[in-house]
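Listed features, source Swiss-Prot:
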type     : residues                  : note
REGION   : 1-103                     : region '1'
REGION   : 45-304                    : region 'Disordered'
COMPBIAS : 67-81                     : compositional bias 'Polar residues'
COMPBIAS : 92-217                    : compositional bias 'Basic and acidic residues'
REGION   : 104-287                   : region '2'
COMPBIAS : 252-266                   : compositional bias 'Basic residues'
COMPBIAS : 267-280                   : compositional bias 'Basic and acidic residues'
REGION   : 288-391                   : region '3'
DOMAIN   : 389-558                   : domain 'tr-type G'
REGION   : 398-405                   : region 'G1'
BINDING  : 398-405, 444-448, 498-501 : GTP binding site
REGION   : 423-427                   : region 'G2'
REGION   : 444-447                   : region 'G3'
REGION   : 498-501                   : region 'G4'
REGION   : 541-668                   : region '5'
REGION   : 669-890                   : region '6'
MOD_RES  : LYS808                    : N6-acetyllysine
Amino acid sequence: MTDVTIKTLAAERQTSVERLVQQFADAGIRKSADDSVSAQEKQTLIDHLNQKNSGPDKLTLQRKTRSTLNIPGTGGKSKSVQIEVRKKRTFVKRDPQEAERLAAEEQAQREAEEQARREAEESAKREAQQKAEREAAEQAKREAAEQAKREAAEKDKVSNQQDDMTKNAQAEKARREQEAAELKRKAEEEARRKLEEEARRVAEEARRMAEENKWTDNAEPTEDSSDYHVTTSQHARQAEDESDREVEGGRGRGRNAKAARPKKGNKHAESKADREEARAAVRGGKGGKRKGSSLQQGFQKPAQAVNRDVVIGETITVGELANKMAVKGSQVIKAMMKLGAMATINQVIDQETAQLVAEEMGHKVILRRENELEEAVMSDRDTGAAAEPRAPVVTIMGHVDHGKTSLLDYIRSTKVASGEAGGITQHIGAYHVETENGMITFLDTPGHAAFTSMRARGAQATDIVVLVVAADDGVMPQTIEAIQHAKAAGVPVVVAVNKIDKPEADPDRVKNELSQYGILPEEWGGESQFVHVSAKAGTGIDELLDAILLQAEVLELKAVRKGMASGAVIESFLDKGRGPVATVLVREGTLHKGDIVLCGFEYGRVRAMRNELGQEVLEAGPSIPVEILGLSGVPAAGDEVTVVRDEKKAREVALYRQGKFREVKLARQQKSKLENMFANMTEGEVHEVNIVLKADVQGSVEAISDSLLKLSTDEVKVKIIGSGVGGITETDATLAAASNAILVGFNVRADASARKVIEAESLDLRYYSVIYNLIDEVKAAMSGMLSPELKQQIIGLAEVRDVFKSPKFGAIAGCMVTEGVVKRHNPIRVLRDNVVIYEGELESLRRFKDDVNEVRNGMECGIGVKNYNDVRTGDVIEVFEIIEIQRTIA
């Protein structure tokens, strides 16, 4: 046998190199991974493993078999006797040295028998050959004698007859020789057949012994120890069944015994227990009643903890997690309580929590990504490879009323601001403008504080931010917020100093204020371009456009024009006649009419596309804003728009996203922890203002909801019962009536059926077109729900000059009113050395023995304090009243 390396041997044995090296070390042989192993070292390792993994020397098997025997008794009744047969077998394992010695003796005996057999065969061959030779010689002698007699008798025959006789004799001799050779060949074949049968018998015996002892040669240590009892018990049980079968063979010669005897080659042969049960049934009597049971001892592995591979999705309930780990739900809840979280068996937990619990209980966690379908749909898109220059997307940002829309208005030469309520931009407007030097796409964002999220979306979807600052107003709160959004998005800023034509304009002050927030002009060594413009007079507009195009040229903006389009939702709303409408800004590719789009939780086929002027278009390239129709619902502003191939898969992805959003929302709900329970117990009564909100566009719904929720205080909370895009319907009115809510419509109206419900239920319906008015009126409604503030106001002081005793009232204080007025039945305080020693109320107020209701400053009176008699000279009685002050929401 050639030498092999440790690595090769490890691969053959299907074990690790480190484990094989450790086994060699345990056997006293030091090896590394690249060393070779000789046959002798291999044998040493096998002997070591066999010695290490040898099982117990003695194995005892006990078996019980129970059956019932019915014995006829007196009175015609049979008596049942329980019979229990106990058997005990002990199997002793031979010592390895003794086994080797016995094997050597058996081998020597087999060799001796083989040698004797060969000698016997050779001797038989020699005897047969000698016998054949003797017979041939005797036959030859007899034939010679006969021939001599015939020759003597026939001397007179002619010479030709003598020649014929000689030829016949020669032929007969050849025949006899052939018969002798055939006999010899048959003897050799018989000997060879006996040798082959003996060799097959020895090989079969060796193969059977090798199979029985196979576990001692190749199995791993852990496998040996775990399978030993099973294999040994099987062999022992087979041996016992064989011996019992031999004993039983001589007993039953009748029909039942023949029926019970297993047929040769029957794979479904009955076990010993079945045979004993059948014999008990035969002995049971005429009725064939059988009340026997077989108790058979089994060998089972002891129960122990099983570590499993637990596959966990993004969300999972506690019960599902318990099923995956094959444990009871109470054990999982107990483990979560140890980790500091309380949960019920049906509660949805997130992936991180489930991972902690499973690892705490000793299982291996496999985190599953549930968005394989979404990734497959997104990867199956035909996008072109060549990128071409595209138009810049410019967002105009700044404080409210600083002239953003007017500036864009002048650029587009249309009056947009007049259409906006109150002159304030309520949602994002997307327009593209053709100039002499190229095309520019503008996004006009609101400047009011309520529209923070809309400004953030505008900054994320843009390439360049034009920051409009009024020269007469300077930097304002929304200006600072716009700077923060631009920096967060990493977008360059071009500053347009507007209203430069006003007399009080101060551009230098604007530069100084902006420099404090990191916006430095180029002449000061910064990177931002400052352009002085006037949206009213049209001053500096061309310079602003040149600055934008210059900045775009520096950025080297490129996009893929061919292929399937992708973009973002700038705004969305529900049109009564057209259905869901979404304003989409295409980022790359070309969007065609008829494309299948996937947009957040919604999907659909583009039925129509319109530009910002309301004109029908068939396609839109990069940096082009369009309105699309045909979606299944109103998408959320900011969602990604992607063109896909298959509408069915798009629907599946949209439904998956909806379910995922719902599961994550449930998983993130507030958990029932002890501190929350105590907080809920100590929390007082909280008033709620319920509102059902409907607006014209999705961005307005978000902005108004955020602003109203920020108004909530500890005493009064704003609760948005329902919100949506579109007009107020009968469903909205019914919801408001059921939840006692206020109906608020922002740039929308109620339809006829909704108005009937509103009149019948006397609901509070309010329309708004400017967000200021909406927020102010909700503040007023919340202020009315605030509990009034109670304030103590001192109305008079009386100094005790003397104390009198009255049988009816006890101690009466003779007082002089020094300040204000003293009123009867008002609460008072008794002060001694400017320290309050008693607080109560006046019981009696008299002047010249007459009861009076009040005593004014500078007059004397007698005061009786209710339930208090320790009034002394020099005390001061302070009279006050409690007034209510109505609070307001700041």
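Placed from the backbone N, Cα and C atoms, the Cβ positions cover glycine too.
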### Alpha-carbon spacing, GLY398 (GTP binding site) to LYS808 (N6-acetyllysine), which is rounded to whole Å
78
### Query
Of all the binding-site residues given, LYS404, ILE500, which has the fewest Cβ neighbours within 10 Å once its own Cβ is left out?
ILE500
### Closest of ASP401, LYS404, ILE500 to the residue listed as 'N6-acetyllysine', Cα positions, binding-site residues only
ASP401
### Query
Roughly where does the region '6' (669-890) sit in mean pLDDT, to the nearest integer?
83
### Task
Just give the helix, strand and coil counts over the region 'G4' (498-501), going by DSSP.
0 helix, 1 strand, 3 coil
